[in-house]
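Taken straight from Swiss-Prot:
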BINDING   Ser114, Leu115, Leu116, Pro117  (6S)-5,6,7,8-tetrahydrofolate binding site
Amino acid sequence: MEKKDLRIVYMGTPDFAVESLKRLVEGGYNVVGVITMPDKPMGRHGSVLQPSPVKEYAVSQGLRILQPEKLKDEAFIEELRSLQADLQIVVAFRMLPEIVWNMPRLGTFNLHASLLPQYRGAAPINWAVINGDTETGITTFFLKHEIDTGEIIQQVRVPIADTDNVEIVHDKLMYLGGDLVLETVDAILNGSVKPVPQESLIRQETELRPAPKIFKETCRIDWNKGVKQIYDFIRGLSPYPAAWTELCVADGTRQVLKIYETEKVFASHEMNIGDIRTDMKTYFQVAVKDGFINVLTLQLAGKKRMNVADFLRGYRTSDNNKVE
């Protein structure tokens, strides 16, 4: 079979999914349909509809687009079936019902942003950085009933530097993911795929780390942890959705403070956890049990994101100021 004869349906929504679709199109594959989320109401009163990044790219390429509200809707199922896909590819989309992923003769594969079986779930990149991992990766695997558990097709390992935040790791994986999707389709086309069950990669001593969805309360900083854990937590949520805390000032008021970039300072001290140390010009540090978190970039509620020097120009300190 030639590339142009392989009928592919692609499913994805955010920026992360655009690169893989782009590689398929530029690689000469026949993408007969793109499934993405419905346009999102934006602006005042939801008067403006914002298409997904995948839709924007698909429109620019003249690809056929389907935007179902419900993936089990009979009209959508019939339209999807009419595309006569040989293969479906899923990148950062939704959980698919079996009637959808079982439809094409060559199956449906997913690109997942971790080295499966580690970090099954919705936020694998965040959790790898939060946990201080020095390596992550991307995996292509065939879908089956249980989420993120199907047989592995291919994997690529990617280092995580100590200074990488989640945005940097996201972008590394996004571009390498495009390569891996293309390599996986090539392998399926030439019949060289030998899928590996995830169970065969799990040893008795293996600790499987989950990657659950991240909510606002997940992002609250626990200052009772150590310097390294807090540092990794902040970069694992930067720039989005952003780690946050409450800044408590002398008059008893509290303000939500998002923290984007920090440095580790290991030191002995006699300050209380959460107390603030600052010269009011160049540094703003939070005391933790084994040192300080030196805050470099931050944002008060209702204000723009700024560096610490700009923040300190408008900041008033007292002995009672702290974060918690």
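Using the three backbone atoms N, Cα and C, a Cβ is placed for every residue, glycine included.
Annotated features taken from Swiss-Prot, shown on the structure.
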residue	record	CB count, 10 Å
Ser114	(6S)-5,6,7,8-tetrahydrofolate binding site	24
Leu115	(6S)-5,6,7,8-tetrahydrofolate binding site	21
Leu116	(6S)-5,6,7,8-tetrahydrofolate binding site	24
Pro117	(6S)-5,6,7,8-tetrahydrofolate binding site	20
Collapsed DSSP category at Leu116 ((6S)-5,6,7,8-tetrahydrofolate binding site): coil
Sorted by sequence, non-Ser114, Leu115, Leu116, Pro117 residues with Cβ within 8 Å of centre, (6S)-5,6,7,8-tetrahydrofolate: His112, Gln118, Tyr119, Arg120, Pro124, Gly137, Thr139, Asp148, Gln155, Gln198
